[in-house]
Amino acid sequence: MSERIFIGVAWPYANSQLHLGHVAGAYLPADIFARYHRTRGDEVLMVSGSDMHGTPITIRAEQEGITAAEVAERYHQRFMASWPKLGISWDFYTSTATANHARTAQEMFLSLYEKGYIYKNTVCQPFCSHCNRFLPDRYVEGTCPHCKYEGARGDQCDNCGKPLNAAELLNFRCKNCGNPPEFRETEHFFLKLSAFEEELIRWVETKTHWRTNVLNFTLRYLKEGLKDRAITRDLDWGVPLPLPGYEGKRLYVWFEAVIGYLSASKEWAASKGQPNAWQKYWGVDTKSYYFIGKDNIPFHTIIWPAMLMGKGGLNLPYDVPSNEYLTTESQKFSKSRNNAIWVDDVLSRYGVDTLRYLLSANMPESSDTDFSWREFVRRNNDELVATYGNLAQRVLTMVCRNYDNKVPEYGELDERSLTLIEKTAAMLCETDKALYNCNFREAIRLAMALAQEANRYLDEKAPWKEIKVDKAAAARSLYVAMVALSGLRVAFYPFLPESSGRLSTYLGFGSELEKEGWILKMPVVGQELTPPEPLFKKLEDSVVEEETARMGL
């Protein structure tokens, strides 16, 4: 039975390029999940967009001496160019700079305000007398009071993931000039998170299918007690407050950006000429998944659900399969600290499926994982080239050369051959279960294990020897290996769409796997075949030294 799946994916700040940490953390797992569900025949809407507001953009604009709008648009266009290179299959990708988004965010604000979930309060905020202005969140840096990380910001600690405010930081300073700010009174609007504490605890305690790290982090945070949080800032860049007399204030980006999932859904529906079509993806009969990095967990498991509870009539998240951090040399990738491997740079030298494979096999699902160029080369050469790619190349080349470029007759199969076919069908069932439960590393491991089993079968049968004495026996062995390849093209498709599409074509099925379903299709005897090209290219060992040198390591 088909399902309806909504996939919301973290909105990247439009202040720098995409790096591998972003891809492994949110965008690749979301794309894998979307492709899998489409192949199953489910209704899928996967949305995201560029976060054009917030202090990361204004900080960069000030550094470059241009407007925040210019910075945001530059990187939004770069993101738009990067997604196809990565094979990210958005149903809709937009930005927070649209009139539709501003309207949707303001409607959410007014709804919560009118229901008493947003209120005004006078608070002390950091003010830099040297720069003569209030300092919103990321304009203040200091030491985290919880984990003592010295690079924490006035909105959050990237090291331990806890949301903060500037007053909590130790040894705080203005990011712009380095001087310690003073605190002055200013009026802001607050989201009454405390009103949702008990309801959120009851709701989260039902989420036993969540990843352990996400569930434990959320429950621990909730049971410490929720504090009301300011949702406005003294800025001139962002979504204006929809109330008179507050022209100098904007909606705080953490409140505004999560509303993007809703505004993007509405914009998608309008683009289809069906302005109400978004509603079915926000009803109770839809499963909503939010793919994010671990620094965004509380915003998606606590704050966004609280906003949805307050608004009413909108579906709460079913799952928030947050990943941990991808590191390099045990350091977190960071745009703001310029410690990263940039996506466009990597893809200018290596195939997209090679990158997607390593990031999938090494995905930081339950703990931080380290990106290594040595591992990148090893997995490409040993697993993609020597195992999976070699299986496809030698089977299809032998078939095309010896059976007139057609799928051969195979006759009666022996027990060993039937066992491999059964294992292929079982692998598809097992990967289906793993993917359904967002266990991506397990799914790709199962697929590669089947490729290894198919190679063992081929080595046992040795059709290159059989063909010299019994062409019919060789045909049986090669046909069974083609069945295994047919299963592998499906299992690998969510992870490696480019090579899976080519393999599918070489097997005579065509390249549109999503239309076929998550099933094992048997190659059709007599089907014309195209001689294959290698699915993957071997990398030289020198790549390790070259790439580490580029990183300055």
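From the backbone N, Cα and C atoms, a Cβ is placed for every residue, glycine too.
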Correct range for motif ''HIGH' region' (source Swiss-Prot, candidates 12-22, 133-143, 276-286, 529-539): 12-22
Per Swiss-Prot, the range holding motif ''KMSKS' region', considering 327-331, 332-336, 362-366, 497-501: 332-336
The motif ''HIGH' region' (12-22) - residue tally per DSSP class, helix then strand then coil: 3 helix, 2 strand, 6 coil
CYS147 (Zn(2+) binding site): tally of other CB atoms within 10 A of its CB: 12
Close in space, distant in sequence - CYS144 (Zn(2+) binding site), Cβ under 8 Å, 6 or more apart: GLU150, ALA152, CYS157, ASN159, CYS160, LYS162, LEU164, LEU169, LEU170
Which of CYS157, CYS160, the listed binding-site residues, has fewest other Cβ atoms within 10 Å: CYS160
Cβ within 8 Å of the mean position of the Cβ atoms of CYS144, CYS147, CYS157, CYS160: remaining residues of the chain near Zn(2+): PRO145, HIS146, LYS148, TYR149, ALA152, ASP158, ASN159, GLY161, LYS162, LEU164
